[in-house]
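Taken from TrEMBL, the feature domain 'ABC3 transporter permease C-terminal' covers B:61-179. Among the features that TrEMBL reports, transmembrane segment is placed at B:17-34, B:54-79, B:100-128, B:148-170, B:198-217, B:223-252.
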Amino acid sequence: MDNIVTVNQVTKTYGGQNEKSYQALKGISFDVQKGEFVGIMGASGSGKTTLLNILSTLDTASSGQVTIDNQEITQLKGNELADFRAKEIGFIFQDFNLLENLTARENIALPLSLQNVAAAKINAAVSKIAQRLAITEILDSYPTQISGGQKQRVAAARALVSEPAILFGDEPTGALDSKSARDLLETMDDLNKNDQVSILLVTHDPFSASYCQRILFIKDGVISTQLQRGNQDRPTFYQEILTTLGTFEQ
Amino acid sequence: MLIKLALNGIKSRWKDYLVLFSGLVIASAIFYMFEALATNQNFIKQNTTIGAAVIIFQLGSILLAIITLVYILYANSFLMTMRQRTYATYMMLGAKSGKIGQLIFMETLIIGIVATLLGIVVGTGLAYGVGTLLMQRMGGTIHNFQPLYPLAIFITLAFFMVLFLIAAIINRRQLLKQPILKLLHSSNTPTAIKHRPVVWLIEAIVGVLLLATGYWAMIHLGVLGLVLALITIVLGSYFVFNALAIWVLSLLRNAKLASKGLNKFTIA
Ligand SMILES: Nc1ncnc2c1ncn2[C@@H]1O[C@H](COP(=O)(O)OP(=O)(O)OP(=O)(O)O)[C@@H](O)[C@H]1O
Ligand SMILES: [Mg+2]
């Protein structure tokens, strides 16, 4: 099977020459296969966000390699990096990160308009993804006029509009009520199963994690263990995650 | 779309821009006023007694230019702080640095052109007032003076466009220098924008004192007085007008807030 993401011996050390330095990632390695839905769990401060920031090119690794869709990303710079962000990756955050003064439609179109894609193409792409995420009715609303769950759907549509190789999520359900969180997770599951969207989801919430096919547990800057869902149904997997977390914490 | 994004950026921070914007309008208004008085050939030729004042105006506009440059750079750094997150979001979504540069230029120049044009309108009023006053004091005839003077308009526009261009270049450099993660997590409202009323009051008082000193020195101190008057009048005008503008704006803003609060209250 093809790997969509390969992480090889990545380290990240925070702090400059004159500050106290702290190694948040200590040579982490794993991979994500095309079409996989992978979760990353770990205690607060274990380096989940650090890892995701490196994978999504928002931060740079201190050492090691990251390959996404056959491109070594740690070496990307300038316009190549911008193109890579625009075409290969999509991300959703806990706080949505939508622009308040643009409508949902304009927010979703942003990655394409910033890349100078023709208007007709943009419109078609936006309509398509909006339909897929069931947000066609709110396309002309501003972020302040819609609910948290809808905002996250708009953010997801923006992340997916350029059909990226992988979708990254850092606690995307963190600010949602349980019903909206469940809806979003069901949608991600559906996109993964039916549209073969590869997803890497960082979360500390076992319920969110139970939607994944595989979960990597990160501890002290490396992967300490992993769980495979296999043929288990979600509630059973959820119990297994809880058990693992229980033994893990000791 | 680029224009739309630039305009949107301004719109989204309109209330915060307003305070800084008023400062820019006033700077360009005073600049225009000085220029209009100093470059008006008819006015100067026919009123030899005004010669001394003309030197003040011309030197004054140079000094004002320096103050304006400092003010624009300062205003600018706050405008940028407000916009950092948005630009970071653009970058995260794949905007190239060239595109970010274009957006910054457009935003800064739109603000600049609008502020300067408004400033010229306000400045025309100021020039008319001050010109009339000068005529009366120094016994000239009023019909020669044109407050709306093409050369002054041109100088003001050209000068401010250059200033805003410099500002845009600095903006672009500073933004692209910073790591995207830092920008993404930056706060949207710089604390220094929330001016306190005490500051305006002090500004206004200092401004009036400076103006008074300036006019006193001009009348009583001869050549040395002219130099002193030059500095104090420019600074004084700026302080007074700026304090006034901010005060009016905050009144408007509070009025709006109050009516909003009332609405919420009645709805509840
Ligand atoms: N910019 C930074 N400078 C210095 N240290 C940092 C920085 N960012 C993160 N760290 C440190 O690196 C470690 C990992 O942080 P990270 O944000 O990746 O954790 P996390 O697993 O995402 O935690 P949480 O579940 O709370 O979000 C923490 O100890 C944190 O204090
Ligand atoms: Mg985190």
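Just so you know, glycine gets a Cβ as well, placed from its N, Cα and C.
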For the transmembrane segment (B:223-252), could you work out the same-chain residues 6 or more beyond its ends whose Cβ comes under 8 Å from its Cβ atoms?
18-19, 22-23, 25-27, 29-30, 52, 55-56, 59-60, 63-64, 67, 195, 197, 200-201, 203-204, 206-215, 217
Pop the mean pLDDT for the domain 'ABC3 transporter permease C-terminal' (B:61-179) in here, whole number is fine.
82
For the domain 'ABC3 transporter permease C-terminal' (B:61-179), jot down how many residues DSSP puts in helix, in strand and in coil.
105 helix, 0 strand, 14 coil
